[in-house]
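Below: the structure, in C-alpha cells.
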Amino acid sequence: MMRTHSFLTVLLWSSVFYVVHVTPSQKRTNKHSHSERITGISENDGKTLHRTKRGWMWNQFFLLEEYTGPDTQYVGKLHTDQDKGDGNLKYILTGDGAGSLFIIDENTGDIHAAKKLDREEKSLYVLRAKAIDRKTGRQVEPESEFIIKIHDINDNEPKFTKDMYTASIPEMSGVGTSVIQVTATDADDANYGNSAKVVYSILQGQPYFSVDPETGIIKTALPDMSRENREQYQVVIQAKDMGGQMGGLSGTTTVNITLTDVNDNPPRFPQSSYQFSSPESAPPGTPLGRIKANDPDVGKNAEIEYSISNGDGSDMFDIITDKDTQEGIITVKKRLDFENKVLYTLRVEATNTHPDPRFLQLGPFKDTALVKISVEDIDEPPVFSRPWYLIEVDEDAKEGSIIGQVIAQDPDVAKNAIKYSVDRHTDLDRIFNIYSGNGSLFLSKPLDREETPWHNITVIATEISNQIPVFIRILDINDHAPEFANYYETFVCENAKAGQVTADPNINGYSRSKTSTYLLPIIIFDNDYPIQSSTGTLTIRVCACDSRGNMQSCSAEALLLPAGLSTGALVAILLCIIILLVLVVLFTALKRQRKKEPLIISKDDVRDNIVTYNDEGGGEEDTQAFDIGTLRNPEAREESKMRRDVIPETIFQIRRTAPLWENIDVQDFIHRRLKENDSDPAAPPYDSLATYAYEGNDSIANSLSSLESLTTEGNQDYDYLSDWGPRFKKLADMYGGEDSDRD
C-alpha cells in the first residue's frame, strides 16, 4: 500500500511566506479512499480485474522565483509504501525541465531546483514521476503527473508602451479637457499581491496638466492657456507598482504637448498713422507703399483682408492684400495733379477673414489706421492754350510782320518763363520765325500761295529754369619765397665757446673789442615745387655776461631788445636823460662864472714849487676824500678841463679823439696819450704830472703811497720833517717817530 508523505515547510523570503509543501486537504485527495477497491471485467479474457489502490497522491508544488540562496532550492519528495529503504527502488523524473531545471535523488526521491527560475519566462512546469525496481526494471508504481508552479515576486517595474508621447490640444481649452492617455504594463503576476498594480502620477508639467492615477489620462489643469504666450509643454508621467506604495518599482515617460492655434487675437496696426508720397506723374496701378497689421495667430487664423473705409483719397487710391506676406499694398487708382491737390487722407481697415465665433465677445476682430499721401510736384512741360492753332495770312504780308501768336504756360507752381522756338524740321525754308519771349510768329520770307497754300509748322515751348551757379576757385602755386616774419636779433656772451649755448661762461670765444656785432645769413627753403628760397639775416651782438650767462653790458640796442622795455619805460628813461643833460649844462655855466686865480704868482719862477691845496686827505684808506670814479671810468679823462695853475687868455678847444682802449693795449694807449699831451698847446711849459686815469686789468704793481714814494719795502725815516718848521709839523707828526706809528 502506497502512502503520500507530506511535509510542511515554511521559507522566509522578502518578507513573504511561501508554502513549499502543504498538507493535502480532503479536497485535494483522490476521490477514492485507501480502502476502496475497484473491480472490473476485462474484455480480453473476461477475468475479473481488480483496481489497485494507489499508494501516492500528487498536489501542486510552489517554488519561489529568482531564488538566490547558497543551496539549491528544495521542491518536494516522492515516496512509495513499497520503498523498504533497502535501495531496491529507483525514482525517475520526466517532463518540463527534468534533469536540467529540476533534479531528483533517485534513491530518496527528493526534488531540487538546479537553477534560478523566472516566472515571467515560464510560470508553470508539468512533470511526471515513477518508481521502478532496480533488479527487475519493473514499475512498482504507475507513472503519475504533478505540477510545479513558480511563485511571483515584484521584480519588474512598470513599462510604458512608448518612450515618448506626442499630443496637441487647442489653446484656450477648459480645465479637465483630455489631452492623451498613457499606458504602462507590469510583467509581474497581476493575480498575486500588488506587484502588478500600477498607479500614475505627474512629475513635471504642473500646474498646467494633471493625470488620472488609474487610467493614465492627461488633462488640462489651468484655464485659458494661450499659445501666443507659450506653445510647447513637456510633461513627465510616472507609473509605479505596488499600488504606488513605498518600495514599489516605477517607470517614466515623456509627453510633448503642443497648443494649437485658434483665432483668439484680432489684427493690430503697430502705429496709428502712416505717411507716403507719390509723384504726380505716377500712372494708375503704381504701388506707393506697404502697411501691415500684426496678428499673433498663425495659419488661416492670421489671414487679413485690407480695405479703404473712408477718406478724401478713396477715389484716387486703392489697397490690395498680399496673401503671402499679409501686407496691404497702397496703389494709385487715378491720375494725380499736384496743382490740384497736394495731400490725401485715407482710413485703412484690416479684418480677419476667418473669425472664431467663440471669441467674438473679446471685441471686433479688425483695426484701422490713418494713411496720409502727399503728392510731389513734377517739372511738367509747358502746356499750350490750344491743342492746335490755325492762322490765316495774306500772301502779300511783308517780311517781319506778325501773323499770329501761340501761348503756353508752365503748369507747375513755379510758373517758370517760357521760351518759344520753331521746329526747323517742319520749316526747312525758314519762312517763319517766332519771338522767343512772347510766342509771336512773324514772317522771315515772302509767301506765295500759288506755290504753297498751306504751311504746317511746329512750335516748341521750353521752360527757362535750368540755371545753375558756377563757382571758380583759383588754385595756389608756389610763387613766393619764404621770409622771416620779424626782424630777429640776439646776443652771445664773450665767454661762450663753440658748440655751446650762449649762456655757457666757461671758455672765452668772442671779444667785443674786436667784433661787437655779427650778421649771420640764413637761407630759407620751402617744401613745394618749384622750390623757392630767400636769405634772412640774424643780428648777433657780443655782450659781457656773468657766470650764469646773464647779459651785463652791451650796446643800447642789445640792452633794450632783451629787456623788452615797454613804450612807457622808454619815455621815462628819455625824460631822465633830458633832466641829466639840463643839470650838466647848469653846472657847466656856473663853473665858467667862477674866477680862476693862478696858482703861481710869478711868471718868471718856473722852478719846482710846492703848491698848498689845504687838503690833507685821509691816506690810502680814505675813499671819501676824492672821487675814485676817474680811475674806474676811462672816459672821464676825455672831458675838457681848464688849467688851474694859470689864468688862460684864450680858451683852446680840446681835441676829442675816439676812445682807443677798445682796440689797443695799455702800452700803445700810454704812448698815444703822451704824444697828444706833448702836442697840446694848452699844456704847461714845465714838467707836470699827467693823470691818464687808466690802470689796466690785472696789474702786477703794488699800491702806491700818497707821496708816490719809490720805496716799496721797509720803513723810510721821516724825522727830518720836524726840522722844517711849524709848517711841516702836521706831516712830521703823521710820518715821523714811533708815536705816529702807534697813532
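Even glycines carry a Cβ here, placed using N, Cα and C.
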Looking at the ranges 247-271, 272-296, which is given as region 'Disordered' in TrEMBL? 272-296
Take the domain 'Cadherin' (161-269) and average the pLDDT across it for me. 92
Could you give me the DSSP helix, strand and coil counts for the domain 'Cadherin' (161-269)? 3 helix, 47 strand, 59 coil
